[in-house]
Every structure is written in C-alpha cells, then in structure tokens.
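*Asks:* Quick one: structure below, then a few questions.
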Amino acid sequence: MVLMDIGRKLWQLGSSFIRLILHTYTWFKRNAGYEVLERKYNYAEFMEENINYVNAFDKLYKINSWNVEEIDGIFHDIKSNLIDTNRYTPSQILDIIAETSKYRNRFIKSYWVLFKKFFDEYRPTQLSLTSPIWYYFIYQEYGIVFSESHKKNFKEYEEKGYTLDIHGEFTIFKAIMEHDKKSFIALTQEENFDINCRLTSIFYPDSEKGFTLLELCCYHGSVDCFKFLRTEFKFAITPKCLQFSFLGGNPDIMSECLKYIKPGQECMKYAIISHNIDFVSFLINEFGLELDLQSCCVFNNLTCYLIFFDIKHDIDKCFIYSPSFKIFSVFRFFDSLKRDINAKELNSKTALYFAAQFDSHDIAKLLLSQHADFEVKDNEGKTPLHYASKNNCKTTLELLISYGACINEKDYNEKTPLHYAVIENRKDTSDTLIFYSANVNIGDKEGMTVLHYAVQHDDRETADILLKHSANINAVTSSKMTPLLLAAKNNSNEMVKLLISHRADVNSQNSDNDSALHIAAQNENIDLLKLLISNGADINAINKSEKTVLHIAANKNNNDMAAYLVSKNINLDQRDELGYTALHIASSNNNIALVDLLVSHGIKLKLYGKTALHYAAIYGHLENAKYLISKGVNIGCPKVRLAQRSI
C-alpha cells in the first residue's frame, strides 16, 4: 500500500468508518441475539446522549492554544458536564489535567491555567496527583504543601531548575517544541552538538533510556526539524517515532514513519490518547489493530469504547470496563445484557475492580447488590479493595468494607490495601482503613510494614498516626532494616526525631550490622550523628567489617565529623577486619590534619602489623611520613627507611 498521501486517507476515514459500522451491522444480522441488541443499542443515540461528556474530554486532550478565553470555555465545559453532574470530584479532574499535560507538554502553561481555575474554584484540602511535579507548582504558586513527604522532591526540583518553561532557551529541545527550524539548524552546527543525545524528562511519558531528537520531533509534530534530521543526519525511524506521530498529529511525519515501521498496539494507545477518531479508525481499517479498552478507560475516551462495541459486540468485555466511565446509563445498558456479573478480562479483573479503581460508587453499589464477588483476585492477587485504597476511592472503599471485604487481604507480594494507601500517599483511604482497624504491623514479601513505607516516603504525618495505632516501631525487614535505619538512610532527621520520641531502638543494626550511626556517617550527616549520640546511640558500635563510625569519617576525609567523634571519646584504636585503625586510613589518604588530630588524642602508634607510617611510605606521602616519624614511629621497614632518607 502506498502511504505517501496519508492526508487523503484520513479525509476518507469518515466514509470508511461508516462502511465499518455497516459491516458490523451485516455480521450481527447473521448471529443469534442480533434483534435484541438492535433494539437496545444505537451508537448514534449513545453518542448524542453523552455528547457533552465526550466533548469535555476531547477538548481537554486536544488543547492546542494559549488563548485564555478558550481555556475558560474548557473550564466551564468540564465543570458543568463532569463535576456538577457528580461524575468526577474536583480532585480527580485536577489529576486528569496534570496527567494529560504529559502528552501535550507544548501547552503545559495552558494546562496549568486550567488547573489553577479548578484549584481556585474548589480549594481542595487533600489532593492525590499521579504526577509529583504538579505538587511543586502548587507550592510555588500558593505556598501549600499537601504532604511533608513532598518537600524532598521540591528540593530536587529546585536544584534541577524545573519550571513551566520545561526547556531552556536556545536549546535543541526548545527549538523542536517550538517548531523553530532556523534555531534548530543553527544549534546542530555548533561544535558541542551531540547528535546522539537523548532526553529523559518528568514532563514527558516515562522512558528509561530517553527519547532521540527524531522521536521528539514526532512527539511535537515538528515536521521541518524532522525532515532536516532525516536529510542531513540520516536519522533512523524507530517504533517510538511512529507511536509519537499519533500524538504529534502531523500527517507528513506519520506517512514517513509508516514507510518503515508497521503499527502495533502501542500506536493504538497513543491514537486513543490523542482523542482523534480519524487516527483510531485509520489503524482499525488499514492495519486491523484492535481497540484497547484499558487505554480507553484510563484516557477517558468514551467514543473509542463505543466503537469497540460496534465492531466486536463483546458484551462481557464492555460490561467489565463500563464502570470506568462513571456513566450510569452506559453501565446499565451493558448490565442488562451481561451473562456473568463476575466475568473477567485477561488480567482477571471484574467490573467491580473498575468500579473500585475509578471510584464509581453508585455502580459498585449496584454490582454488590447483585452479589458481585468482592473477594475475587486478579493476576497480581489484588482484590477490589486494594484498588480502591491505591486510588484513594474512599466512598467505594467504605462500601466494600460494609459488604464484608477483608481489610487485611494480601496480594501476591503480601501487601495489604493499607500498604498501597500509604505507598501512594492516599490520606483519605489510609485514615479510613486505620479507622476500620486494619492491621498496621503486617509485613510484605520483603518484610516492609506500612510504617517502613511511611518512613521511606518521609511522611511524618502518616508515621505518627501509625505509631499512635500501635505500629511496631522496631519492626525489621528481610534485610533487618528498622524504620529508624530507613530514616537514617534517607537523611530524614525530622523523621528520626519522631521515631526516637516514640522510643525507637537507636542501636538497631541491619544485616550488615550497620547501625543508624554508621548510615549517618556514610551520608556525612553530622547533625543526624549528633542527634543519635545525644539519644544514646553506641558510638563504638562496629559493623560486619568491624568498622566504627570513626573509620567511616576517616575514609570520607570528614575531619569535622572525626573531631566530633573524638570529642565524644570514641575508641581510637579499634581495628577493622583488615587490621586498619582510623589512623591507617587517614595516613593512606594523606590527611595530615586528621593524622594530627588522632595522634594528639593518644591513638596508639605502635601496633602489630603495618602501621600508619607504612602507608605513608607506600603511597609516597612524605609530609605525612615526616610527621609520624617526628612522633617516634620507626619500625625499620625498608620502605619506611626509604622515606626517612628522603627527609
């Protein structure tokens, strides 16, 4: 098939789609039950009934302007058709806006303006955002911190200079985003231009290895930059190029990519995200790709979901996913046709799972009244209660509990619903689970309790609540990590203070026998070191390598830390498993100031085996050797004599 004229193809898709529907009509005429479905289901009627819902989400996913009046219109559409109808809460809409910007980040400032309109209108007291950078934007704009655990991220974002201007001026990435061919060409001609550079950014879809320049051209629909890279640098087209072309929406880029790459289901995912029905129909008609209902639900594409039913008439599958859209009439239609209320999709999820995941409370209530199985497990061993907890769906969670759902049920990683509520920082559901007496001391497969996770995320508020509800403060993981050790590892001094105030064991040790002191020393966190010692930490504790914190301070060349430890009467002469004292290490590192500190405080100079002078001689540290010899070290070693002769 010749694909050069993809523009013409897309124009023809309207009639192609009609033919597709007629073909479906003919197929179902040959199958039992067609007459029943024909009476009950009409695609056009369903679309007309829910057109305001569809248009509101289409406009959100297709923002392509910075015009304030257009953004204001989208705000009112979403407010009146999605929030005022009680389908979505303001917090849920805020999360959807933040996530959508990841797929159209050229217009992130427009998404931020829209986000602020909802934030100002409703002023949520709790917020569960999938994209953490948006908490930072809220903090910058309003000075509001929704969780203390976010502050550590704020520091990182500030250091990296994250702003709504997601690419710096005069960068190759900015030129691509702005479709600025002139600047782009100039930047490729600079001496330090790296043709193989890749971009990994919190503002783009997730990627471990990052995106090439050509892939970014496809993402942004930057056709001139795309053509330049292809012509001048012979850039290879990758599968990601074709996938991103359905986001960027440029027909010329899409046509070129299709010459080299055959579309797969990931292309369908991005076509669904784009909310461009022409792209979806094109992939169905020309390549026989199947619509992915999971993507339809996650990215709020009701149109594609209804098209799937028109094509497949898969009643059970559509019934299973129907709660995701939070439209009761759509659910009721498929509910009236279903054959099995506990029908499962490929991952063994039922309709109740999706009602729980998307907080479709009324639908969940109806399913439960029809005896839907609330203890059923999916392929990961999770129950609907796990999903309600993870997604902060408080009302649905309470409903499931009222029907008898097991509050402490474990999945295949031995995590309970409370684990996921704490891991995802879902305050509403974690508080609710604790209120209903969830067991706070269950460990998962690694032995991590919910307190461990609260500490790991530096969530002092949740940690304090858990401790007040009898969480085991000294619980150990499979690697013998206590919450205190985790807090020390994370350099979280305030969390350590909280744990100590609840009588945490300051001398607990992990599987390497490292105490919190060892960990603080490794992190060169002197303030934490002082805090621990002032609260009874054993300054002379040794780990598996028989090192004290003084060994670590010497190895780090941290003289301030060493001076503090010496002032606290730490054992200067402790040897590690290799026979080294802190003096050996200081001498090897040619740290004369530390050598002087240790010697002046009485560290033994003459010990069996190699002394500090050996290492000064071996490494050629003559000033160090002079100092040690002046203090009387002389064991007659040839290398030491050589050092002496050179003095």
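Just so you know, glycine gets a Cβ as well, placed from its N, Cα and C.
Whatever TrEMBL says is automated annotation, not expert-curated.
Checked TrEMBL, it gives:
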| type | residues | note |
| --- | --- | --- |
| DOMAIN | 233-307 | domain 'DUF3447' |
| REPEAT | 347-379 | repeat 'ANK' |
| REPEAT | 380-412 | repeat 'ANK' |
| REPEAT | 413-445 | repeat 'ANK' |
| REPEAT | 446-478 | repeat 'ANK' |
| REPEAT | 479-511 | repeat 'ANK' |
| REPEAT | 512-544 | repeat 'ANK' |
| REPEAT | 545-577 | repeat 'ANK' |
| REPEAT | 578-610 | repeat 'ANK' |
| REPEAT | 608-635 | repeat 'ANK' |
*Asks:* For the repeat 'ANK' (413-445), what does DSSP give as the number of helix, strand and coil residues?
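*Replies:* The repeat 'ANK' (413-445) comes out at 16 helix, 0 strand, 17 coil.
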*Asks:* Should anything in the same chain at least six residues away from the repeat 'ANK' (347-379) have a Cβ under 8 Å from its Cβ atoms, list it; otherwise answer none.
*Replies:* 89, 92, 297, 319-326, 328, 331, 335, 341, 385, 387-388, 390-393, 395-397, 399-400, 403-406, 409, 411
*Asks:* Mind checking which residues reach the repeat 'ANK' (380-412)? Cβ under 8 Å, same chain, six or more beyond either end.
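*Replies:* For the repeat 'ANK' (380-412), the list is 128, 347, 350, 352-353, 355-361, 364-365, 368, 374, 418, 420-421, 423-424, 426-430, 432-433, 436-439, 442, 444.
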*Asks:* Taking only the residues in the repeat 'ANK' (479-511), give me the average pLDDT of this model.
*Replies:* 98
